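**Q** Quick paste from TrEMBL:
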- 7-124: domain 'Gfo/Idh/MocA-like oxidoreductase N-terminal' (DOMAIN)
- Val13, Gly14, Ile15, Ala16, Ser43, Arg44, Arg45, Tyr97: NADP(+) binding site (BINDING)
- 132-244: domain 'Biliverdin reductase catalytic' (DOMAIN)
- Cys281, Cys292: Zn(2+) binding site (BINDING)
Amino acid sequence: QINKMFGTVVVGVGIAGLARIRDLMNPMPSSPSEHLKLLGFVSRRSFGNINEAKQISLEDALRSKEIHAAFISTENRSHEETIRMFLEAGKHVLVEYPMALSAKAAHELWEMAERKGKVLHVEHIELLMEEYKQLKKEIAGKDLVKGTLHFTGSILDENKAGFPAFSGIARLTWLIDLFGDLTVTSATRVKQEDKNYSRMTVHFQTTNKKPLTWIEERGPGMRREKKINFCFTTGCLEDFPQAPRSTVGLFMQDQNLFAKKLLDQVSKEELAAEKWRILRCLDLAEVIQQHCEQPEKICS
């Protein structure tokens, strides 16, 4: 394993894909990422080369014996199909969240990866942010009374990004990681097509029957930010704790984690906990979507 190298390909060169290419070409010295070697990238647009990385066709990427792993940075809608193709071709996969836009697809892909003995890694840089790590430390061991996580941002094209419970699954991941398993008690969604505005409100209960609310709100000119209000028996937390800036970029941290998995350096317990969290969040995202898409109950 020490000298083992994994040929990789990046699929999709949006913001995340370009960050992936950059990080693969400049791995952190003596980190697991040094075992990854970028052999090219795939895009529907025609680039030729990006830095020293050369563009290759999807067919060549799937067929190549030199390529062992794919980094999938396409739009959300095409994640499922792209993961499936690379797993079928016997490649390991790193994919940006959400891994799929339905829970059923996610479970099928995970089973497929296990059957083929391949690593399926879903990027969750939201858990690697310093502000989040500090927040998690801050609330460890405290008893929740109630809480709200409110996200705002600019509008997304849902045809590409999927339903807000899926495109915003990073927020759901925070809540599950901070407070353990949740059940959805209700979920509604307001959408004003003409104003390009969308607001999803989800009410959860923790296993201790405490209420949590997640609001995902998007509209023109909305600043991208998260507001928290978590109340504990000891008091309320309304601001993120101060956090130092990390010296290692989030995508690089994620890439190192993927490389560790390829090198068999992640414990079975960690892998199992991560699998549970990822699939649980996707299951909940689907429940939320179903709640929101139910026809309004007419109350007379």
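Cβ atoms are placed via backbone N, Cα and C, with glycine included.
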**Q** Measuring Cα to Cα, tell me the gap between Cys292 (Zn(2+) binding site) and Arg45 (NADP(+) binding site) in whole angstrom.
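**A** Each residue's Cα considered, Cys292 (Zn(2+) binding site) and Arg45 (NADP(+) binding site) end up 36 Å apart.
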**Q** Roughly how wide, in whole Å, is the group Val13, Gly14, Ile15, Ala16, Ser43, Arg44, Arg45, Tyr97 that binds NADP(+), by largest Cα to Cα distance?
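**A** Those residues reach a largest Cα separation of 22 Å.
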**Q** If you count the C-beta atoms lying within 10 Å of each candidate's C-beta, which of the binding-site residues Val13, Ile15, Ala16, Cys281 ends up with the smallest number?
**A** Ile15
**Q** From the Cα of Cys281 (Zn(2+) binding site) across to the Cα of Ile15 (NADP(+) binding site), what is the distance in angstrom?
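**A** If we compare the Cα positions of Ile15 (NADP(+) binding site) and Cys281 (Zn(2+) binding site), the gap is 24 Å.
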**Q** Arg44, Tyr97: which of these binding-site residues has the highest Cβ count within 10 Å of its own Cβ?
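**A** Result for the most crowded candidate: Tyr97.
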**Q** Near the Cβ of Gly14 (NADP(+) binding site), how many other Cβ atoms are there if near means within 10 Å?
**A** 13
